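As recorded in Swiss-Prot, the features of this protein are as follows:
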SIGNAL    1-21  signal peptide
CARBOHYD  Asn91  N-linked glycosylation site
CARBOHYD  Asn107  N-linked glycosylation site
CARBOHYD  Asn118  N-linked glycosylation site
CARBOHYD  Asn133  N-linked glycosylation site
DOMAIN    158-226  domain 'BTB'
CARBOHYD  Asn191  N-linked glycosylation site
CARBOHYD  Asn260  N-linked glycosylation site
Amino acid sequence: MSAMRRCTCFIICLLTSYTYGTTELVEYTRGDIEFDSSNGEKIIDISTTKGIRCEWKVSSDYYTACFKWKFIWDQVDKYEVAGFSGQITVNYTTDSEGQKTRTVKVNLTDPGGEIWYNVSRSRYLSTYYASYNYTLEPQKRHMEAMELDKYFAPVDDRDAVLIVEGKKLHVSSCFLSFHSTYFHDLFEYDNSTSLLNIEIPVEGVSYEDLGLLLSVVHSTATFPNDGNSKKLLELASQFQTPYVLGLVENHLLTNTFAWNETLMLLADKYGLMRLLGKSIRRIDSIEKARQLKDSVFLELSDSAKVKVAYHMIQLL
């Protein structure tokens, strides 16, 4: 098989991964399991649901049992999801009261987090019966709310007023023009008269989104993070603000939970060449090449596809 054909085979292999919708729940049910009370810890059930692997363990002796659920979600896009919350409902037998049902709260922020529940019995019992189900809700990362009225109030060095959705943002036309071709052209169009107190409407963006972009440009309140970086890239591209693109790229290069595939797509879409190069170099083994999702490769631009394919050939 030629090197190029082998490379193509690597590219079309799928990596099991999951990205969650806005209100999507993760649910799983395990019916009754019988297990003995011999000492030691044992795994009695393993499941994978929507990218979450759950290992159900039990440590038991004749009088007590400790149920443990270990949730492994390293195949969930942590760039989008900060954790999971919900509950586990466990059913188990007792010597005196028959079947019992208990609900255990779940709040996961660690991709390898464990939830424990202890069961005590009043007398010897050699055999246990138990079942459980869980329902988890992904906790999406969100942009932090900002006090835009406070950060963009009228002050001496702000000579222009942007009107977005009927609300005002007081800005420095000189400073904003330096960082944004869009605003340079906008203010130049209106410079036949003094900009002082002139209200300039801005269309095609919400008040909160434009406030987010301007707060990063002015370094007044916000810096790029995993919660706002996708939106900032979109806004920086729309309003031709390379300074913000650079800030977001620096964040994604050094301090992000994003999957490498996510970084590769963002880098290619917004022309972040340092990030694109790093994300390609991270594919540093044949195994990682096999794991590249075909949907990701097909979404890349032609020039990025060439770079990825050439890099993979070097691994052969």
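Positions of Cβ are set from backbone N, Cα and C atoms, glycine also.
This view paints the features noted in Swiss-Prot onto the structure.
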{"residue": "Asn91", "record": "N-linked glycosylation site", "Cβ neighbours (10 Å)": "15"}
{"residue": "Asn107", "record": "N-linked glycosylation site", "Cβ neighbours (10 Å)": "13"}
{"residue": "Asn118", "record": "N-linked glycosylation site", "Cβ neighbours (10 Å)": "10"}
{"residue": "Asn133", "record": "N-linked glycosylation site", "Cβ neighbours (10 Å)": "14"}
{"residue": "Asn260", "record": "N-linked glycosylation site", "Cβ neighbours (10 Å)": "17"}
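Per Cα geometry, Asn91 is the residue among the glycosylation sites Asn91, Asn118, Asn260 nearest to Asn133 (N-linked glycosylation site). Considering only the glycosylation sites Asn107, Asn118, Asn260, Asn91 (N-linked glycosylation site) has Asn118 as its nearest partner by CA-CA distance.
Cα spacing between Asn107 (N-linked glycosylation site) and Asn118 (N-linked glycosylation site): 18 Å, rounded to the nearest whole number. DSSP assignment over the domain 'BTB' (158-226) gives 27 helix, 13 strand, 29 coil. DSSP classifies Asn118 (N-linked glycosylation site) as strand under the three-state reduction. Cα spacing between Asn118 (N-linked glycosylation site) and Asn260 (N-linked glycosylation site): 39 Å, rounded to the nearest whole number.
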